[in-house]
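Colleague: Not my notes, these are from TrEMBL:
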- Cys113-Cys123: disulfide bond (DISULFID)
- Cys255-Cys265: disulfide bond (DISULFID)
Amino acid sequence: MSRTNSDKTSFHNKNTIIIIITIVVDFFIINVQCSSVNYDGDIKLVDGPSEQTGTVLVYRTYGWGKVCDDHWTMKEANVVCRQLGMGHALEVLRRNRFGSSSQANYLMDEVHCTGSEKRLIDCRFNGWGVHDCRINEEAGVKCAQKAIIINKPSWNPLKLKLNQLELEKMSKIKFKVISQQLNFSQHAQSPIFIPVLIETENGTKGTVCSDHFHAAEAIVLCHQLNVGHGGRVIAMPIEQTGINTTNSIAIIGYCYGNETDLKYCKSYIDYNGIPCQSQLAAAVECTYNLPDLSPDRYSLETSAYIQKMSLWLLECALEENCLPDIVYRIIDNNPYNYTWMTRTLMRFSSIIENSGNEVFRPLEDPDNWEWHACHMHYHSMKVFSRYEVVDTEKRLVAVGHKSSFCLEDNLCKSGVAPKFRCSNVVDSKGTQGNYNYLT
């Protein structure tokens with residue numbers, strides 16, 4: 001990971017992180033499909049005061065059992081909340097916080113997660129039913145959000161001059177993805193591009209407009225085809241896709257990124273062709289190797305403090321555009337005495353781990369990095385992370401960001417050696433970087 005100075009929030013804009021300080025970190029909207037059939041490794045929360053809080057139960061073969069709180073940390077809690085579709089964990093709960101029944105057996109003990117697992121049973125543990133736990137050692141969690149299905153809003157990105165009835169008819173046409181699953185293995189040296197091809201319910205085959213087909217849609221397609229993770233989206237001439245047509249027949253977009261099929265995203269289809277803005281078809285780059293930057297919420301919370309500073313002490317931050325727009329408006333209105341004005345700052349340290357399977361590199365080549373004389377260093381990324389402070393009503397109170405001047409390996413997992421220093425500025429997989437007291 002890496003170090004620097006600013007404020008923060010998290011999402012998957014290829015190389016940007018965002019952390020909302022409520023603290024709402026790693027905020028994701030997740031759709032959950034309910035099923036009456038249980039499978040090994042399914043989990044649920046019981047006995048808590050709300051849907052997203054309770055004692056953790058795990059399913060194994062014929063019934064539900066408890067998880068022992070030995071080595072129950074935020075990493076394990078985050079995996080539970082992610083598996084349930086409830087965002088990240090707000091609190092780790094131990095010692096049978098909710099007085100759950102002691103009749104169920106302990107099925108998991110000494111659970112050790114890296115934090116990147118999709119399911120709790122993907123973590124290392126002693127084995128099914130192997131434990132040394134006694135009564136009232138049940139593990140629990142408090143997750144950030146309820147697992148709700150959010151209806152997608154009305155969406156007409158091209159402002160099609162059609163009445164609502166026609167638009168609804170276009171959005172209800174069923175289709176399936178027929179993109180070729182090209183020769184692609186987990187050991188492939190380079191990513192591949194896959195044209196986005198669909199077949200409608202009446203057998204019409206065609207391409208998808210590159211308009212509004214972005215990163216979230218690419219993630220869904222690559223997962224749906226089981227060819228790794230979605231990355232870059234490119235626009236390509238329709239004649240290069242292998243489909244014998246001159247017009248795309250569909251607009252697909254408004255994915256959240258966690259759908260299992262593009263059909264769950266918003267779509268408009270016209271058998272005779274749909275008016276794309278670019279007249280180009282969408283194609284997606286899929287790869288198994290991607291970085292995955294994960295902020296450490298605990299270090300942020302425990303290091304945060306409030307400080308007042310004069311603007312003249314923030315000269316470097318001003319030069320590097322680290323302060324919000326309102327500060328620059330104040331300076332424009334008070335060009336001769338702004339230096340004595342003060343700002344109330346939230347300052348904190350941040351640890352960011354690359355838990356993916358590829359190094360994290362700035363988009364710009366070193367030759368294009370920007371020199372800042374005030375801090376005497378280069379910036380490899382204008383915005384590495386964005387931070388938002390919100391109140392209890394989720395209203396935005398303040399915002400800040402950090403530029404990246406040095407992405408180096410400060411701390412590594414067991415068995416991973418540090419590789420990158422400020423001289424080569426990237427983050428190795430399995431390492432983390434520390435940003436001390438961002439402003």
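Counting starts with 1 at the first residue shown.
Glycine too: its Cβ is placed from the backbone N, Cα and C atoms.
Provide an account of the burial state, proximal residues and distances for the features listed.
Modeller: Neighbour count (other Cβ atoms within 10 Å of the Cβ, all protein chains): 19 for Cys123 (disulfide bond).
The C-beta environment of Cys255 (disulfide bond), restricted to residues of the same chain at least 6 apart in sequence and closer than 8 Å, consists of Ala216, Glu217, Ile219, Val220, Leu262, Tyr264, Cys265, Lys266. The secondary structure of Cys255 (disulfide bond), as reduced to three states from DSSP, is coil rather than helix or strand.
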Colleague: Check the DSSP secondary structure of Cys113 (disulfide bond), expressed as helix, strand or coil.
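Modeller: Cys113 (disulfide bond) sits in coil per DSSP, no helix or strand.
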Colleague: Count the other Cβ atoms sitting within 10 Å of the Cβ of Cys265 (disulfide bond), across every protein chain shown.
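Modeller: Summing over all protein chains shown, Cys265 (disulfide bond) has 20 other Cβ atoms within 10 Å.
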Colleague: Quick one: give me the count of other CB atoms within 10 A of the CB of Cys113 (disulfide bond).
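Modeller: Its Cβ has 22 other Cβ atoms within 10 Å.
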